Amino acid sequence: MKLLISNDDGIVSPGLYLLVEVLQDIAEIIVVAPDSQRSGASHSITLDRPLRAQQVDLMTGVTSFKVNGSPVDCLKLGIEHLSAGRPDLVISGINAGANLGQDLCYSGTLAIAREANLYQIPALALSMARSSNHQVNFGRLKPFLHQNLGKILPDLKNFAYFLNVNLPSMELQSIQGIKVVPMDLSIKKFDFKVLKDPKDRDVYWLRNLFQEIHSEDIQNDYHFVKSGYVTVSPLSMMSESMNLVEPIQKYINEKEII
C-alpha cells in the first residue's frame with residue numbers, strides 16, 4: 001500500500017514524525033511537507049514564484065521532501081511529480097491542535113485531504129487537541145495509532161470521501177470512545193484581540209478560542225472532543241453541490257430570470 005503523508009505544521013513537526021514512525025512498517029511511504037510552519041494556509045497554492053522540493057533525511061528508509069510552498073502545493077507535487085506511482089491513500093497530520101467546526105475553511109491539514117479528494121484519492125486528516133495549558137503531547141497518541149491505524153488503512157483506500165479525525169488530549173485508557181459527527185460550522189472559533197504597538201496604535205491579533213468554547217449542542221464535534229471522545233467527520237468535495245443543482249434550477253425557472 002502506497003501512502004503520501006503531508007501536513008501544515010512543517011517537515012520538522014513531531015506529529016508528522018510520529019505518524020511516519022507508526023506507519024513505516026505497514027506501508028510504502030513518501031513524505032512531502034512544507035519547509036516551515038504553514039498553519040492557516042487553507043487551500044492556497046503558490047502562483048508568484050517557483051517551487052523547490054528538497055530531499056531530506058527524515059527517517060531511514062522513508063523518502064521525504066520539504067517544499068517551499070503551501071500544504072496543497074506539497075500534495076500536488078507529491079502526486080504529480082515526486083511519488084513513484086499514484087498513492088493509494090493520503091494522510092495529513094498529525095496536526096498540533098484540533099481541527100473542528102469552521103477550521104474546515106481555514107486548516108491546511110484539512111485542505112490536504114480535500115485536495116486529495118479532488119484527485120479521487122481517499123484521505124485521512126489527523127489532529128490532536130491541545131491540553132488546558134495549550135500543549136500537545138503527541139506521545140499519548142502512539143498506543144492509539146499503533147492499535148488502530150493498521151486495522152483501518154486497507155479499508156480506507158476504497159472510500160470515496162475523506163475523514164477528519166480529531167483526538168482528545170489524553171492517554172489511550174482515558175479515551176471515552178469514537179463518535180461520527182458532522183463539523184459544527186455555527187461556532188465562532190477565532191476573534192481579534194486588540195493590542196497597542198510601540199507607537200500606541202491599534203494592532204489586531206487573531207486568537208483561537210478553542211479552550212473557551214462551551215457549546216450547548218451536545219452532539220457536535222466540539223462537545224465530544226472536549227468530553228474525551230475521538231471524533232470522525234466524513235467529508236466530500238464530490239457530492240454536496242450536486243444535491244443543489246435541481247432546486248436552484250427550479251428556482252431560476254420559476255423567477256423567469258433572463
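Any Cβ shown, glycine's included, is placed from N, Cα and C.
Annotated features in TrEMBL:
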{"type": "DOMAIN", "residues": "4-183", "note": "domain 'Survival protein SurE-like phosphatase/nucleotidase'"}
{"type": "BINDING", "residues": "Asp8, Asp9, Ser39, Asn95", "note": "divalent metal cation binding site"}
For the binding-site residues Ser39, Asn95, the one whose C-beta sees the most other C-beta atoms within 10 angstroms: Asn95
Other residues, Cβ within 8 Å of Asp8, Asp9, Ser39, Asn95 Cβ centroid (divalent metal cation site): Asn7, Gly10, Ser13, Gln37, Arg38, Pro71, Gly93, Ala96, Gly97, Ser107, Gly108, Thr109
Fewest-neighbour residue among binding-site residues, criterion Cβ within 10 Å, set Asp8, Asp9: Asp9
